[in-house]
Amino acid sequence: MNILLISECNKRALVETRRILDQFAERKGERSWQTAITLEGLNTLRKLLRKTARRNTAVACHWIRSTNHTELLWVVGNLRRFNAQGSVPTNTTSRDVLRTKDENPWHSAEVFSLLAAIAGLFHDVGKANALFQAGLSGTGPRSQPYRHEWVSLRLFQAFVGEQDDKAWLTTLSMITSEAEVALLATLQQDKPTFSDSPFRTLPPLAQTIAWLIVSHHRLPVFNKSTELAPNSSEPQLSFAETWLTDHLSPQWNALNHCQIGWTPHEREQNWQFPNGTPLYSAVWREKARKFAGRALKLPSFMHFSQLDQRLTVHLARLALMLADHHYSAGAATVGWQDITYPVWANTDRKTGEYKQRLDEHCVGVGQNALLLGRSLPHLRDTLPAITRHKGFRQRSTHPRFRWQDRAFDLACSIRETSKQHGFFGINMASTGRGKTFANARIMYGLSDESTGCRFSVALGLRTLTLQTGDALRQRLKLDEDDLAVLIGSQAVQDLHEMRKENQQRQQNTPQTGSESADPLFSEHQYVRYDGSLDDGRLKAWLERSPTLHQLLSAPVLITTIDHLMPATEALRGGHQIAPMLRLLTADLVLDEPDDFGLEDLPALCRLVNWAGMLGSRVLLSSATLPPALIRALFDAYLDGRTAWQQAYGTPNTPLNVCCGWFDEFDCQHEQYGDVKDFMVRHDAFVHQRLKNLTKDELPLRFATIVPVSSPSKNADDVYLAVAQAIHPRMFDLHSQHHQQHENGKTVSLGLVRMANIDPLVAVARQLLAIPSPPDTCIHYCIYHSQHPLAMRSHIEQRLDAALMRNDADALWQVEEIRQAIEKSSQRHHVFVALATSVAEVGRDHDYDWAIVEPSSMRSLIQPAGRILRHRQDKQYVPKTPNIYLLSHNIRALRGKDIAYCKPGFESQDDSLDTHDLHQLLQEKEYRHLSAAPRIVQPMSFAKPLSLVALEHAVLGKTLLGLKNKKLDDLKRPPAAFWWRAHPHWNGELQRRTPFRQSAKDEAYTLWIADDDEEPVFMVQDDGPSGWKQSDIARPVTLNMAEGVSAWIEPDYHALYQQLAEEKQWELSWVSARFGEIRLREEEDWYWHPLLGVFGALS
């Protein structure tokens, strides 16, 4: 390809880019180069330019396609040097002709910059106390009864005293050395027996600065401890509005002061300042006068600097924390030190020597916070983006995907409106309709092509995240820098890549996926704006962590939601910074948000609230979204958008969010600022969707309820009874729903789906011991999350191979099925996956039939979606049931009062009158299982509750609360409490309703060091080898009856050997990397290669 390169760099950037470009191309002028180059060479050139890009870099690359046609490929650096076509202006002027600064949409940018700066001056003044200084020198304890930020808060409280905001700010703007004497004289010291809230007496601006000071390491949260603080009472939700002024105490910061080991002298030293505070430093006072003077001259400062301005104060906190991280990591700045003030802020981690003086550190953090705050409004313009992408614009040629074109056109039509008013969209298209790609096209359509497109897709599962990343990369031909996939486990990613490579080697033609009816595009199908981070502080911070760099920089980010959740859920350590910046600079797609457990939904609502507050446009994507969840998420987004419009955009713009609905039948949009009207429109869309589905969809799922009972409630009797109920019915289903080979042998692939691992394994052991009928072989696969990593990946790979049923003849080529037909004498072969919910979400599998243990309505709908998933044709419509639903689950058979739980929605407060599925469901709700019961709310919640009504009722209560119920009577606050009471300044709701709370577990590894050694479990150790043997899981034996075999052979030696050969590694390395499994230490565990790891069964 022939390319033209134009450089508009200045200063040192020009020298650097000339050096690089001269190595690749021939100069055609002072700032232009031309050459013929391969695609690989061009990618290398771009990477080199990006690596050395600085503030003044600006290089455009044009592809000379024909005599009179060039096409812009990419821009590295400053986009403002070029127009959308990559052309350079004829003339430039320094005069502000367009008055662009008069139209700055940020109202509070200078406010949050100055808030961070003033707080930066005070944030560590408490480190001047004698006990902290003794700890730094090594002569005292490393911690103190009261943490330095609490002491800093008390010092700031003393500085403000009884002045109002204007008065104390004026005092700061004229501060002299005498101020410290008055401050120390009025300093309030906390005692173990008494402490009141410092915020009680502070005026609004001072409250904000005080909150920034005390929260610059960790958000205040009530530290509950029956051991250290047995008499302290938990704050009541009904008084949340007064927590700050009436309840806040040192216990919200730490529990150090409650420990009984402190001597009276140490407690005194915590409040003594033998060398004074930084107010003694002339350098500190000079900077304080400057910052306070600027604040007093800013007309909007008082209005935007109150704690109810959520966006402003949280961006101030972000700038402060980032400045603290950045400045603490650097060297000392002598110019900011007063040589007469001998107090230190920190030590060098490597040498242990003193590093930065305290006055210098506070000044440095304040100055850097000011500059960082000022750079935040421009951050979006300096980050990489993609635009003019032909793949997003190309029309679908396959009729099945034409609805994507309508969705894209609608998104383009509301681009400007969504930019001004925000966007909340819902994509409810059915599985197999290309929802993933449609979501990407919708977000691209909403983006301004002049600045490029940036969006994140957040998912709940690693597997689904990897699949989504593959689908988009394959379809859009995006580079790794342009599309980043983050899942938090390099081992899982490695195994996924190896599986993909194996599949490609086995196939004669490249795999093209479900949307590949479109022809492949040319390699150059989009323009990439690389940008260059203007702020060196942010750039330096990002470069310390490749994951953070990817999280913020990638134009398209496919990630497990865990990487974005810290935006609201991280309470300490600055982990909220990167995800907050991502939400500030990119739109958000939530894929299958209803797949999260009930207990995780409040945190999900907080994330959507924060996305609205940070200006993101949000798209929900799922065909099974319950109305209560949609109501809660839209309500959360509305509230967040209100906070955004306070600080950004045209003043007094009414709240009127642009809303969109998409499915394969229709696309609609309207603007709403009210939840009630929004839900009326949503319900109408859903009802029309169901009508369309009734006309369009084939009845491929035909379910019936089968009775199951046990002679006693004893665990062994129950497991045997369930096995005996399942066993004959598998053969019934096989006889009705199988495929026949040309040699007369029959094969069916079935799913037996159970709720929990331990009962699953218990039932599996019983089934494995029951002989098969004559001339029949049953092949079992026990599939759940507690197999070591390599084996789980292998199981999934082999299931993928067998259960991709787009091509009917492909089944006979699958290795396990081909061997069973060729080498076995039996005529009938039943392949059964005994699985938990891992067989559903994120697995694009197609089974012939299923037997399902009920735990919720969702537990019935999800497995049903895997029946005849790929064979959408009239010839496959069943005449007899292909789904059997057990009438009772294992908990019910064991006589538990609460049976439809874990997973499920039943609890002591919301219980069912019966556990018999016959009585819990009407025939129309299960006969042809679909998403309908989940996406339409029942008209009544009168008792006795049905299984469908229970689900909707509990969702409503968890997310929105009950009208007549006192908050403090609830075990957990409803999700809506977050955006109704706005306790954003603390982490109390995050403590009470955490995201993905689980028991503490440890990493173990199934270890094979040599071919002739038996596998053993190992755990990491401090010894010379780094590992030691563990007896965490005891091996068990397994009895397999006649006519029973393994579907997927669990041969760990062969599997590890294959991975070792592919990676060119030792077996021990393979074990360490791919043999991991996480287990809770306090439980008894057992292990078998076929069964995986499981708990005690009776």
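Placement of Cβ uses the backbone N, Cα and C atoms for every residue, glycine included.
Record note: among 139-142, 591-594, 823-826, 591-594 is the stretch given as motif 'DEAD box' by Swiss-Prot. Residue environment of His216 (Mg(2+) binding site) contains 23 other Cβ atoms, counted within 10 Å of its Cβ in all protein chains. In the structure as shown, the Cβ atom of Asp124 (Mg(2+) binding site) sits within 10 Å of 26 other Cβ atoms. DSSP assignment over the motif 'DEAD box' (591-594) gives 2 helix, 1 strand, 1 coil. Asp124 (Mg(2+) binding site) falls outside any helix or strand according to DSSP and counts as coil. For the recorded site, His216 (Mg(2+) binding site), the DSSP three-state label reads coil. Across the motif 'DEAD box' (591-594), the model assigns an average pLDDT of 93.
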